[in-house]
Amino acid sequence: MDLTKMGMIQLQNPNHPNALLHKANQMRLAGTLCDVVIMVDSQEFHAHRTVLACTSKMFEILFHRNSQHYTLDFLSPKTFQQILEYAYTATLQAKVEDLDDLLYAAEILEIEYLEEQCLKILETIQSSDENDTEVNMNDGGTEDDEERKGRHGRNLVGSKKHSTEESGYVSAAQQALALPGMVDQSPSVSTSFGLSTMSPTKAAVDSLMSIGQSLLQSTMHPGVGAEQPLHGNSHPMMGEIKTEMMQVDESGEHESPKAMESIASSNGERSGEPDKNRDGPGTPTRSSVITSARELHYVRDEGLGDQQAEVSQMGLEAMAGMTEKHLASLYGIPSNHKNEAMLSMPASMASSLHMSPALAMSMDFSAYGGLLPQSFIQREFFSKLGELAAGIKPDGRSLNERCNVCGAELPDNEAIEQHRKLHSGMKTYGCELCGKRFLDSLRLRMHLLSHSAGEKAIVCDQCGAQFQKEDALEAHRQIHTGSDMAIFCLLCGKRFQTQTALQQHMEVHAGVRSYICSECNRTFPSHTALKRHLRSHTAGDHPFECEFCGSCFRDESTLKGHKRIHTGEKPYECNGCGKKFSLKHQLETHYRVHTGEKPFECKLCHQRSRDYSAMIKHLRTHNGASPYQCTICLEYCPSLSAMQKHMKGHKPEDIPPDWRIEKTYLYLCYV
C-alpha cells in the first residue's frame, strides 16, 4: 500500500484533552510553572493564568494587568478551591448547601457552564419542593415547624441572566414593585441602569419610591391609618401581594393554591390580560430558580392584630420572596414571557430596610461598560444598602444614631458620618493611579479595572508614566517643562507650592537649625519640628508608652506608627495586586510598579529607576562613583552629610551665589 498517494493524513489523540488537564492539575498541585497567585481571605492559591483565563471570562479581563498577585473578596477559600478543581479537572464535589455560593461565584467569574449546571440542579430542587408543598396542602395536613422553616429557606427565589445571549438588566427594586396600572412593561422597555426620564421603567421606579415611603411611614407610625382598609386608594394591590409561604405561616392555616389563583385571576382582570396569558403548570422557567439554599426566618409580631401593620412590616420581604409565577399572575405578565433580566432584592436586606427607598436608586453603574457582570454590580449594590440599614431594629427604634436626611439608623457615629457622605456627594475614595475620586469603595474598585483593560498604554518619554489617552499625556508633560514644572525636593521627593517653601525645607537636609525653643533654647531645623517639640512642655514629656519595648512618645500617632514594627501591621494595601505595606510612602512607591513610572534618572547614563534607593545603588555601578559630586572641584562624596562637610572646606568667595546643595546630585527626579 503506497501511503504517498493517499494525500493528507489526520492524526488524532482522543485522550489529549483529559491528559492535558490532568498534567496541568499535577503541575498546579506541585507548584510547577505557576505564574499567578490568587489571595482569598489571606489564603494563597497558586495556579496558571492560562487555565484560569480559559475557564473564566472575568479572569481573562483581570489578567491584562500582567500582575502576579490578585485578591478576591467576594467568595470563601472553600468555594475558590472548588472553582479551581472544576477548572483543572472539569468536575467538582459539593454539598447541596454549597450550590448557592458556587452559583454566586460562577456568576461573577462568568464561568457559564458551571453556572448552567448549578441552575439545573436548583431548578430540580425547586420543582420537587413545590410538588411536596402542593401535596401537603391538598391533604390538609399540618406541617411541623422545622419543615415549614426549611421550606421558607428553599423558597427564597431570585432570577438573573442565564443565557449566553446579550440581554439587558433591570434592578430588583424596579421589577419587584412594578405594580399593574402603573406601567405597561414590555420586552422593548430599556432595562439598563442608565434610565431615561421618560421611560416606562423610570415611571415604575418613581412609583416604587412612593410605595416605599408609605411603607416607611406605616412602619415608623403603626398607629396612623389603622382604620384605613387594606385595599385603599393609594396602593390597591399591596394587600394582595402575599407569597405562598406567607399564607402558610399566617394563623397556622394552610391555603390551597386555588386561593392564590383567585388572587391572580382578579389581578389579571384588573390589568386587562386574557386567561391564556396567566401561568399554568409546567417546569420552572430559567428566571425562576432558587438562588439561596440558606434558611430564612421571618420575624412576626404576634401583638399586631391589624392586617395593615403586618403588610407594612413584611411588604418588602414578601416581594423579595415571590416566584416568577406569582409575579406573572399578579402583574398580568404572559406565562411565555421569560424576562431574563428579572432580579430579586435579597430578603435578608429587605427585612431590615426601614430607610427611604429613594436611596436605592442613587447609584448609577451604567458607566462601567461591561468591566464587571451586571449581576455582580447589583449584588454589591444591595450589599451596600444592607450595610446602610445595619443596626436598625424591626420595630424601627434606633440602636444609636439616625441620619437626619433619610432617617437611616446606624450603630455608631463613624457609620453615620460615612453614610451622610452619600447625601453630600463627598468623594472620599481616591484612585492612587490617576487621582480621580469616588463616593464609595465599590465604585473605586470597579474604576481600578479601567487601568488594566488591555489597551495599549502611551508612555511619557521623560519619566515613563503610562496613560490611556493622548490628552492625559499632554497634561502630564507640563510638569516637565516651563513655569508649571513641579517644585519638589530632589532628595526626598516631597512636593511644595512655592520655591520659598522648598528652600526652607532644604535647610532640614543641610543641617541648618534656625528655629529656637523659647522654653529650653533647643534649636530645630523647621517650624514643624519646633511645634512638635513644644508639646513636651505643655502635655507632659513622653506620655505615650509602647507596651512591647517600653519606648515613650510625645503623641499617640507616633506611637501607633512605632507599634507596627512589633506587630507587623501593614494597613496600606495596593488595590491592584493586594500587597500590603507598613508606611504610606512605601505604597506610593509600589504603585509605580503598576504604572511603569520611573521618575529617577541617572545624569551619567540616563538610566531610570522607580525609587531613590535604587538610583543610589545604580550610581555606585559607575566605577564606584558616589551619588554626590562637588560642582567646584568635581570631587565625589558617598553621602549628603559628607558633601555638606566637604563644602565647608571651600572658601565662601569660591561658591557661586546661586549654588544649592541639590546641584551636587548625580540624578534627576521628575515627581
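Just so it is clear, glycine is given a Cβ too, placed from its N, Cα and C backbone atoms.
According to Swiss-Prot, the features are:
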REGION    130-167  region 'Disordered'
REGION    248-289  region 'Disordered'
COMPBIAS  270-279  compositional bias 'Basic and acidic residues'
MOD_RES   THR283  phosphothreonine
ZN_FING   401-423  zinc finger
ZN_FING   429-451  zinc finger
ZN_FING   458-480  zinc finger
ZN_FING   487-509  zinc finger
ZN_FING   515-537  zinc finger
ZN_FING   544-566  zinc finger
ZN_FING   572-594  zinc finger
ZN_FING   600-622  zinc finger
ZN_FING   628-650  zinc finger
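Taking H, G and I as helix, E and B as strand and the rest as coil, DSSP gives the zinc finger (572-594) the counts 11 helix, 4 strand, 8 coil. Helix, strand and coil counts from DSSP across the zinc finger (628-650) read 8 helix, 4 strand, 11 coil. Across the residues of the zinc finger (458-480), the predicted structure has a mean pLDDT of 69.
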